[in-house]
Amino acid sequence: MHAGTGMPGTPEDPTTSAPDADGTVVLGASDVARALTRIAHEIVERAKGAQDVVLLGIPTRGVTLAARLAERLAAIDPDFDPTRDVGELDVTMYRDDLRRQPTRAVGVTRLPAAGIEGKTVVLVDDVLYSGRTIRAALDAIGDLGRPRAVRLAALVDRGHRELPIRPDFVGKNLPTATSERVRVRLAEVDGEDAVLISGRSSGDAGEGRR
Amino acid sequence: MTTTYVLRGARPLGGEAADVVLADGIVHEITAPGAAGVPDGAVVVDAIDHVLLPGLVDLHTHLREPGREDAETVASGTRAAAAGGFTAVHAMANTSPVADTAGVVEQVWRLGRQAGWVDVHPVGAVTVGLGGDRLAELGAMADSPARVRVFSDDGRCVHDPILMRRALEYVKAFDGVVAQHAQEPRLTEGAQMNEGVVSAEIGLAGWPAVAEEAIIARDVLLAEHVGSRLHVCHLSTAGSVEIVRWAKGRGIDVTAEVTPHHLVLTDELARSYDPAFKVNPPLRTAADVEAVRAGLADGTIDIVATDHAPHTREDKDCEWGAAAFGMTGLETALSVVQQTMVDSGRLTWADVARVLSTTPARIGRVDAEHGRPIAVGEPANLTLVDPAARRTVDGAAQATASANTPFAGYELPGRVVATFLRGRATVLDGAPVERTDLAIEGAAR
Amino acid sequence: MKHLLSTADLSRDEAIGVLDTAAQMAATQSREIKKLPTLRGRTVVNLFFEDSTRTRISFETAAKRLSADVINFSAKGSSVSKGESLKDTALTLHAMGADAVVVRHWASGAPAQLAHAGWLDAAILNAGDGTHMHPTQALLDAYTIRRHLAGPGAPRGGAGDEGVGADLAGIRVAIVGDVLHSRVARANVRLLHTLGAEVTLVSPPTLLPVGVHTWPCRTSYDLDATLAGWQPDAVMMLRVQRERMSGGSGAFFPSPLEYTRYFGLDARRLALLGDHAIVMHPGPMNRGLEISAEAADSDRAVIVEQVANGVAVRMAALYLLLSGTTEGISL
């Protein structure tokens, strides 16, 4: 509109950058698949069945992961419908860092038709880091209804929490330095399944923030 | 008693270099460059490569006094005039009270004499209070010590055709001229800027060219019918140029002026909504700018007049729709003419002397003193210009009391180095020379 | 996005971005809890130099739904009777720490002056200036058109839910009435063109501006021919100001009756349109003058929906102006 303007698009997300030759693969495709299968079993076990479970993916890769988990849940428990019981939760308008970032595009929030009232909501995200995204997600859920319980599933927990939040289901705990960068790549979005870590030797500016 | 000045190596009217010696209020001697002797106490002005012009004469200045001394006074406005190279200005009548009586014009004239920067020639209002209803006492103003010869309701148009006819006829008795502000009032109600592509886009009420042209067309025909002379103020459109050209071809006694700003600025500037560009008549299109330049070059337009219109900051620091019309111009006029007409090769410096001095002096009937040839024995009303200088305009730094220049931040060519009024330097080394000899000047008269 | 002053400043992608954001905002407005915490702690000032209760309420609702603090500042005054100057008002708002100023002003360009004069550093949102621009009205109009005509199953559509992501390519919009004095028309012509729609302005010649030939649209003096021959997908009726008819010799048309006869939308003219076509009006309507009751109340009319969409679009505009870092925004 005027000098220095810019409309929102997807802000540069460290996990979406092009493949980095320097990145070390810490999880390969089969590791990712195994982790998701394990998480699916844990969810069913913890909820004693999957009939009241609702998966809510947090964009972008959390949505993809939620869809994959849904297939696995359905395979374990036929009561779970992988199209009906999955949604996506955009937390942009609940973030506490809006004024520190370029304007973010507001994403879609889509809930199962039956809503989340009384359900066991499992939030699905790719990398768990500071916990601030999950804080925003909890606030967003609070405005959408009153689930019986909210759980958290993350493919990678890289530590460095800034809030009293911990995951219920983790694919892989990945001790990192804040200067390091963790990227989750998924076939649906990035053409391959992998978790990479980079910046291990050189002191990167703290990226991989979530 | 007055200082003798030796202008060393000046180029009169931009021609061959010469030494010009000013003494006793007149041009005392003109010699080959370097040849003039320097009498005791004389001041030598290095004028090499500087152009020497007859002192500039503005036929259209708003000095705002009486009534709006917060925007300009006779003293501040004439100081600005001297800084701009002028030795005479015609002060417009739209003051408060209006200059429609002998008393007001005489007051303005005396204020000018006291200030001493330039000769102030008051313009008399055509109608009482600029009301457009009945003639002011034109004869009384002509007979006053101010010897008014130019009459104008400037700011308003004498739109009633019968009243305009009467005014044109009446002023013949004392060789006066009616200077018409050509603006059809009904066509310009609420108008804010030139009507055209830009006004349509930015949503400001349009001011059609025809509102100016229709009045000029009517007035030249009236002037022809009654055998009067007519002066057209601040002509701004291509159509107006055409009409004046046609009228002159017919032998009608019409003269026309263009302002410096209409020689260079266009209505595109209104897109900023900066009221610095709000002026009456409005800035027109690039085609109009080219037409008035061509008209000035071919003599259809006789003179450049500033329409110097100072306004206080509060009258300009507001919404466009609420802002006052007008721009200052005395201190930028010569530079704008140089840039648009001389540097482009369309006018010579001799032509500049004609359009900014000789002809306006003749129209205003002050040509016994002003707009004279640069010759021995003539009154030493002169302006020395350095055409190679460049300067960046800063409204706050100008001599005028108001800062509403549309050229703020522009780099313009040319600089007035010195101005002489009857041999006395009102500007020297580019700076106004404060006067210390008021009593002497007064006594000399 | 630092200010929203004119739809002429919006690129196609920016405009679609606003509409898409508005769609997400609209989605939140069907929830039981409509309030979002997004702009908590930010202060939005509604600065109205001209009365417009409906526009003010729409902005106020939008700001409050995003949890901003809202201050309503009515600074009436005209060019004739000036109140506090625009500059002093701006300095006051600056001192009060306004983050965004929503400005409605009788003078064209006043929001641009507020944005550029250096009096305050808040984001300026033009809520209608003189006869210049009304960008959020045009955005809500485009949003409404997109919802109806560019969404899935729509006659010209095929995009996602509610037309998200889509432009208005090929959609025909007739804008009918007093174009000369209309900021709504100016804002819409620019925005609809940017979004790929085709626009025809239908107006008596007296109410089209000189210079309109340079606008990216067609013009017509004949409403019947435009409706029947051009088959617009949306017809936008402009409000006719009563004072335009009563200027004596300066009136823009002979009588209200004649205006209605040639430029009013009634049931007969409505029947000339395709079944999918929608009828719009920025409000408030002069029923019986530019639009008949049958047309205004027909199932083609989306006039009430425009009001609801106005809140979502204004939420989007406020979000986009206030949520990011204030300098150096890039994508």
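Glycine residues also receive a Cβ, built from the backbone N, Cα and C atoms like all the rest.
A TrEMBL annotation is a machine prediction, not a hand-curated record.
Given the structure is predicted, the values throughout are model-derived calculations rather than measurements.
Database features, via TrEMBL:
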{"type": "ACT_SITE", "residues": "B:ASP307", "note": "active site"}
{"type": "BINDING", "residues": "B:HIS60, B:HIS62, B:ASP154, B:ASP307", "note": "Zn(2+) 1 binding site"}
{"type": "BINDING", "residues": "B:HIS62, B:LEU63, B:ARG64, B:ASN94, B:ASN280, B:HIS311, B:PHE325, B:GLY326", "note": "substrate binding site"}
{"type": "BINDING", "residues": "B:ASP154, B:HIS181, B:HIS234", "note": "Zn(2+) 2 binding site"}
{"type": "DOMAIN", "residues": "B:50-237", "note": "domain 'Dihydroorotase catalytic'"}
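Overlay of TrEMBL annotations on the structure.
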| residue | record | DSSP class |
| --- | --- | --- |
| B:HIS60 | Zn(2+) 1 binding site | strand |
| B:ASN94 | substrate binding site | coil |
| B:ASP154 | Zn(2+) 1 binding site | coil |
| B:ASN280 | substrate binding site | coil |
| B:HIS311 | substrate binding site | coil |
| B:PHE325 | substrate binding site | coil |
Cα within 10 Å of B:HIS60 (Zn(2+) 1 binding site) - qualifying recorded positions among B:ASN94, B:HIS234, B:ASP307, B:GLY326: B:HIS234, B:ASP307
Listed in sequence order, residues not in B:HIS60, B:HIS62, B:ASP154, B:ASP307 with Cβ within 8 Å of the centre of the Zn(2+) 1 site Cβ atoms: B:THR61, B:MET92, B:SER152, B:GLY155, B:CYS233, B:HIS234, B:ALA305, B:THR306, B:HIS308, B:ALA309
Of B:HIS60, B:HIS311 (the binding-site residues), the residue whose Cβ has the fewest other Cβ atoms within 10 Å: B:HIS311
Listed recorded positions B:HIS62, B:ASN280, B:ASP307, B:PHE325, B:GLY326, filtered to Cα within 10 Å of B:HIS234 (Zn(2+) 2 binding site): B:ASN280, B:ASP307
Listed in sequence order, residues with CB under 8 A of B:ASP307 (active site) and six or more positions away: B:HIS60, B:THR61, B:HIS62, B:CYS233, B:HIS234, B:THR259, B:HIS261, B:VAL279, B:GLY326, B:MET327, B:GLY329
Cβ neighbour count within 10 Å of B:HIS62 (Zn(2+) 1 binding site): 28
Cβ-centroid neighbourhood (8 Å) of the Zn(2+) 2 site, B:ASP154, B:HIS181, B:HIS234 excluded: B:HIS60, B:MET92, B:SER152, B:GLY155, B:ALA179, B:GLN180, B:ALA182, B:GLN183, B:CYS233, B:ASN280, B:PRO281, B:ASP307
Cα separation, B:HIS311 (substrate binding site) to B:HIS181 (Zn(2+) 2 binding site) (Å, whole number): 19
Among B:LEU63, B:ARG64, B:ASN280, B:HIS311, B:PHE325, which are recorded as binding-site residues, the nearest neighbour of B:ASP154 (Zn(2+) 1 binding site) by Cα: B:ASN280
Which same-chain residues, if any, lie at least 6 apart from B:ASN94 (substrate binding site) yet have Cβ under 8 Å of it: B:HIS62, B:ALA125, B:LEU130, B:ASP153, B:ASP154, B:GLY155, B:ARG156
B:HIS234, B:ASN280 as binding-site residues, winner by CB count within 10 A: B:HIS234
For B:PHE325 (substrate binding site), the number of other Cβ atoms found within 10 Å of its own Cβ: 16
B:LEU63, B:ASP154, B:HIS181, B:ASP307, B:GLY326: the recorded positions whose Cβ falls under 8 Å from a chain C Cβ: none
Cβ neighbour count within 10 Å of B:LEU63 (substrate binding site): 32
Spatial neighbours, same chain, of B:ARG64 (substrate binding site) - Cβ under 8 Å, 6+ residues apart: B:ALA71, B:GLU72, B:THR73, B:GLY77, B:THR95, B:PRO310
